[in-house]
Amino acid sequence: MTTVIETQVQYNNTYMMSTTEDYMTQEEDWDRDLLLDPAWEKQQRKTFTAWCNSHLRKAGTQIENIEEDFRNGLKLMLLLEVISGERLPKPDKGKMRFHKIANVNKALDYISSKGVKLVSIGAEETSAKEGLLLWCQRKTAPYRNVNVQNFHISWKDGLALCALIHRHRPDLIDYSKLRKDDPIGNLNTAFEVAEKYLDIPKMLDAEDIVNTPKPDEKAIMTYVSCFYHAFAGAEQAETAANRICKVLAVNQENERLMEEYEKLASELLEWIRRTIPWLENRVAEQTMRAMQQKLEDFRDYRRIHKPPRVQEKCQLEINFNTLQTKLRLSNRPAFMPSEGKMVSDIANAWKGLEQVEKGYEEWLLTEIRRLERLDHLAEKFKQKCSLHESWTTGKEHLLSQKDYETASLMEIRALMRKHEAFESDLAAHQDRVEQIAAIAQELNELDYHDAASVNTRCQGICDQWDNLGTLTQKRRDALERVEKLWETIDQLYLEFAKRAAPFNNWMDGAMEDLQDMFIVHSIEEIQSLITAHDQYKATLPEADKERIAIMGIQNEITKIAQTYGIKLVGVNPYTVLSPQDITNKWEAVKQLVPHRDQMLQEEVARQQANERLRRSFAAQANIIGPWIQTKMEEIGHVSVDITGSLEEQMNNLKQYEQNIINYKSNIDKLEGDHQLIQEALVFDNKHTNYTMEHIRVGWEQLLTTIARTINEVENQILTRDAKGISQEQLNEFRASFNHFDRKRNGMMDPDDFRACLISMGYDLGEVEFARIMTLVDPNNTGVVTFQAFIDFMTRETAETDTAEQVMASFKILASDKSYITVEELRRELPPEQAEYCICRMTKYSGPDASPGALDYISFSSALYGESDL
């Protein structure tokens, strides 16, 4: 405003002096011939009169003649009041000459009070002129055939004026249709449009400008200044609209990120919710094949279904951190996800999933071991039952016979001895029956799927065994009753029977032991079986001696019979065993020994293969485990390294990330070996302390750590660039943090944090330090992380936009009103931002409200208040 007074009032004062000498003093560089030209004086009077009337008409008046109408000073004072917006001292109403002089002096005194010089041209006016010229150059720079270098000949063709209008109101002039060779048409177009649409009176004549070699600089500058003031409000509104659009764009992007986070969190939590019941289903299958299929399904889950969810969880944390950083940088409140969707909620849900997952795997392996044990016991039960049932076949019939009623003494004694041998055999089988019962009981305790048939068969054997005992006792009682009546015995038969029976039992036991099934899980266990078998083989020579002795008894019987002419009828009366039976069983035992040797050697080979699997897995795991730990430590060191820029730190982390990704093939190979180990039913490994679960957890933590660390550096770069923090400042922050991170774990305790702040120049009282701790440790964890420290320091050293700035911008668009209308929003803002505001602004309810008024004050506050999400 002062510039206008300086420019125009100086000209008014100069003109009212009415002397050429004064003009010479003010404009020493003007052309002397131009000053003496009557046409120039006419142009000056016309221009200044039009300029004065453009302001006086706001007060409902105008002037016709400068000399006459300003003579009494009244309209001159009124003009100054309109221009300045201030009240001047009350004018004198008299018509005497001293009254008029007093009014003119009041006007001149007011001008002087504003620092405006009334003679010569000073540096202030030159500065105002240069500022107006620069504004014109900047606005017309994009237009063809326009080159504004001054306020005279640069405006002769009219294109510069048309360009100014088109730049601000392209709807008023079609600049593409203007021609440089039609200056009068261009000037008249500009004059007419300015007067009709911009309320700028016509102060110049096109013909005077075109036909004058050097148009009057003052006149042109006066007219152009009207355009400056006409468009100044529009520029201010444009600036305000740009600020609002920037703020709204930030809010829209933040809302999009919030919605994306909510969607991703919901999907991940839903997947976890669906997966946990599947992992909690512990209904065991009845067969080994079915349980192994469950294990294969679980491996597919680990290999195929879970890895993408691990990546989603990591990306969710990264998105959350990035969103919080953007909110903090734009001076917005922190994002609070929906209930149950916090990062900690997702972490807890994930932890619950992994706990259930671990329990499910342990249950699967336990069930497979149980079924393996069941299958072994069931096969062993069948084998022992078959042997026992084969032995008992016909025994009840023999015990029920009453052949002793018609037998001779010799035959009675033979029957008695035969029965005693049977009793001995029966006692020997008692242990086998108890073994069968014990196996059946264990099968029941392990929930064998066919326990009913096992129980039925076992009960049948036990009932039969009881019946055999009863029949044996009855037959013995009968034989003892008649034994007193008969005395004949053949000692040789008796001796054969006595020695053949235990030897036969030994052979039965040997055959059963040599055919006994076994299950082992280590080299040590199979070696123990081999040792026992070797010890067993060592007894064969003594057994063979006993066989030879028994067969010698039979040979002696034959020899005696032949010697004394005794006719041997039938078999040995004291035993059912014949020499051929002994021979056949002995041959069977000899054949079973090498078969047992082969089975044990095959098992040795299997256990050796399992041992190779253990060693292969251990060799890799013992490398991969420390490698993961080393990489975790290296990433920690890179994240706090201050020797290079953040970009260099980012490049180092990217290289680490690529190296980690390239290392994935080693993890996959280890997974393959682990699968082979599980398929071989190997459940222990003394060669390493690392399990596949340890490696998986470490690998997932490594992937998450490198991704989270890269995200933290990205956020630091984003913070640095958004807040204008220099690399030197960031290095200073990082060096201070590293110095007080005494445990080297990326965190400071409150005492170290206080010492760090003091070292950086903070004067801290207890109340102020408590306030700062609520900012850097809002969850009261008792530690300050590096990211929280950087966030605090950048807030302390950078500027941000505020709700008050946004309110001020809306006030400009609303023409200083306390509310804004829908029409104003749609006129001043792009369609997307305008509709965004219209949908969210509440109705204005102030006393000055008009229909459709919207409350931009509460809307601006809400932008920096609690989030709606």
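Heads up, the Cβ atoms here are built off N, Cα and C, so glycines get one too.
Some features that TrEMBL has for this protein:
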type: DOMAIN; residues: 42-125; note: domain 'Calponin-homology (CH)'
type: DOMAIN; residues: 126-232; note: domain 'Calponin-homology (CH)'
type: COILED; residues: 247-274; note: coiled coil
type: COILED; residues: 412-446; note: coiled coil
type: COILED; residues: 646-673; note: coiled coil
type: DOMAIN; residues: 728-763; note: domain 'EF-hand'
type: DOMAIN; residues: 764-799; note: domain 'EF-hand'
Mean per-residue pLDDT computed across the domain 'Calponin-homology (CH)' (126-232):
89
Checking distant contacts: for the coiled coil (247-274), what same-chain residues at least six beyond its ends satisfy Cβ-Cβ under 8 A?
309, 312-313, 315-316, 319-320, 322-323, 326-327, 330, 332, 335, 337-338, 340-341, 345-346, 349-350, 352-353, 801, 806, 833, 836-837, 863, 867, 869
As a quick check of your reading of DSSP, tell me how many residues in the domain 'EF-hand' (728-763) are helical, how many are strand and how many are coil.
23 helix, 2 strand, 11 coil
DSSP-derived helix, strand and coil totals, residue by residue, for the domain 'EF-hand' (764-799):
23 helix, 2 strand, 11 coil
